[in-house]
Amino acid sequence: MSESTPEVSSSYPPPAHFAEHANARAELYREAEEDRLAFWAKQANRLSWTTPFTEVLDWSGAPFAKWFVGGELNVAYNCVDRHVEAGHGDRVAIHWEGEPVGDRRTLTYSDLLAEVSKAANALTDLGLVAGDRVAIYLPLIPEAVIAMLACARLGIMHSVVFGGFTAAALQARIVDAQAKLLITADGQFRRGKPSPLKAAADEALAAIPDCSVEHVLVVRRTGIEMAWSEGRDLWWHHVVGSASPAHTPEPFDSEHPLFLLYTSGTTGKPKGIMHTSGGYLTQCCYTMRTIFDVKPDSDVFWCTADIGWVTGHTYGVYGPLCNGVTEVLYEGTPDTPDRHRHFQIIEKYGVTIYYTAPTLIRMFMKWGREIPDSHDLSSLRLLGSVGEPINPEAWRWYRDVIGGGRTPLVDTWWQTETGSAMISPLPGIAAAKPGSAMTPLPGISAKIVDDHGDPLPPHTEGAQHVTGYLVLDQPWPSMLRGIWGDPARYWHSYWSKFSDKGYYFAGDGARIDPDGAIWVLGRIDDVMNVSGHRISTAEVESALVAHSGVAEAAVVGVTDETTTQAICAFVVLRANYAPHDRTAEELRTEVARVISPIARPRDVHVVPELPKTRSGKIMRRLLRDVAENRELGDTSTLLDPTVFDAIRAAK
């Protein structure tokens, strides 16, 4: 090490006081190793079951799992009622902070029970029954959580659609799920201004022939003007506000579907990931208690993710509430009205556990430490990272600046498909390594394998860098139960690559070090990870080609220090199209309009042609080399290797 390089620690053991009082002890690993199914049965029995399960796991129909067979429970009862019945009704369930300063609401568990019961009665009055689907297209407001729990209470599947998605994205999800009801708001606040939301909902519904949606339930959030369809559109405050606050929950089978959540797929069509009740809630509750070490009597937990993403489902709704924890929900952006907002919220509510994405951490780093340093963040006792691998520099900055150099930091790896966290340090046990998600949780089994499914040896310093595939070799309770309406796609997407081994293929590259720590390196397929959001290349390419001037498009993810990956597009224009100075910006805007602002390409390069194999396949791997200014890889299968001279000249 040179004298100019400051020495930094390679691992960070937990403080003695934290370790002494941690929920998870080292014995958990031994217990799970000795009898994995008995271990999961013990975790499941922390929930309230109306009918006990008779079998922990039925894997006879692999890769379709059945967990806690024969058991019956109600997810909403486990998240709300049982805490009230245990005498904790006065405990705050949700501190909600709106984006406009001073806009706040506090709901105790008793308040939440009344609101969820009213919403459940209202949905029943609208004719919804168990097994129906409800689309939820809302900003991060209490009604979003209430709507989710009301659906869970009735055995209705909710399909939450991120409020930043466009009408086209909403339309595709409504059609695929055949949703019977849409819950939305008049608008939402973004960067201090109200923006319409119902208008996009109206546009989506208008584009659906023989639309399955019978009613649209509208929350008044901003007061902005909007179109109204008499008979179809109903005000939330009228319908839910007048409903009875008394409702008796019905138990459902452990495998009863709980929700659909759509995620990007390499074919372009979003995949409806299906999760069920008992297994999902078991692992959700378990990981919340062990990874985040929650103490319901004293902790205030804040997961910054929107509920439109799986992190918002699992650690913004079900995880905290099934453990009886107090949580913070914040509607807006981190820089509204200024860059102090997140730190003001931590200080205001005494947040003790803060869970966010590396993109936001890197943004805070750019802003400078003087902003967090001007706030009292001493309430924080644990930090978490989610959504993408975190680089060691950001990890250390996060711990040192936000955590005061004293808090454990849990870097969690998981996916929409896994339902809950799978790989993470346990904060009272692990000596965490910056940049590593560490080891699979007790009860979880993962491997790093080569193309043949054989385990790779640990990577050692100075050795050739070998990246393997991250696979899961044993079923887990919160695993997806399929892709809605497409079992063949489920098998092909996750199980076909290593079908002879029975491994779940996560789609991420990873390596393992001599200590057994796993280092996840990111996506290896054609799904890009932009600020923790998975965007498929096919979706973006489709949006580009829809433009009248574009003949062909190819999109790749490239390294970006702020968002992990940024989208770089290469387009071939139609011969009769006259490009102009604003062509690239016009295409960027079009992608943002069709998909989401998140999917807006950072770079758009107009090129004369795209590199293709002799079979006509676009070689994105080589385009990625160009975008990253690297030397080209193997070009032997290219139809015309000279194409890159023209591409580089155009770039």
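Yeah, the Cβs are placed from backbone N, Cα and C, and that goes for glycine too.
According to Swiss-Prot, the N-acetylserine annotation covers SER2, on the basis of a large-scale study or a structure entry.
Sequence-distant neighbours of GLY192 (CoA binding site) (same chain, 6+ residues apart, CB-CB distance under 8 A): GLU99, PRO100, THR336, PRO337. Here Swiss-Prot flags ARG190, ARG191, GLY192, LYS193, THR311, SER531 as CoA binding site.
The ATP binding site feature in Swiss-Prot is assigned to GLY387, GLU388, PRO389, ASP411, THR412, TRP413, TRP414, GLN415, THR416, ASP508, ARG523, ARG534; the stated evidence is sequence analysis. Cβ-based neighbour count (10 Å, all protein chains) for PRO389 (ATP binding site) stands at 21.
The Cβ of VAL545 (Mg(2+) binding site) lies under 8 Å from the Cβ of ALA551, GLU552, ALA553, each of which sits 6+ residues away along the same chain. Residues or ranges marked as Mg(2+) binding site in Swiss-Prot: VAL545, HIS547, VAL550.
For LYS617, the entry in Swiss-Prot reads N6-acetyllysine, with the evidence type experimental evidence.
Across the fold, the C-alpha of LYS193 (CoA binding site) and the C-alpha of PRO389 (ATP binding site) stand 33 Å from each other. Measuring Cα to Cα from SER531 (CoA binding site), none of the binding-site residues ARG523, HIS547, VAL550 fall within 10 Å. Classification of SER531 (CoA binding site) by DSSP places it in coil, neither helical nor stranded. Ranked by how many other Cβ atoms sit within 10 Å of their Cβ, the binding-site residues LYS193, ARG523 place LYS193 at the bottom. Cβ neighbours of ARG190 (CoA binding site) (same chain, under 8 Å, six or more residues apart in sequence): GLU99, GLY332, THR333. Geometry remark: THR416 (ATP binding site) versus THR311 (CoA binding site), CA distance 8 Å.
Its Cβ taken as reference, THR416 (ATP binding site) is surrounded by 19 other Cβ atoms within 10 Å in the chains shown.
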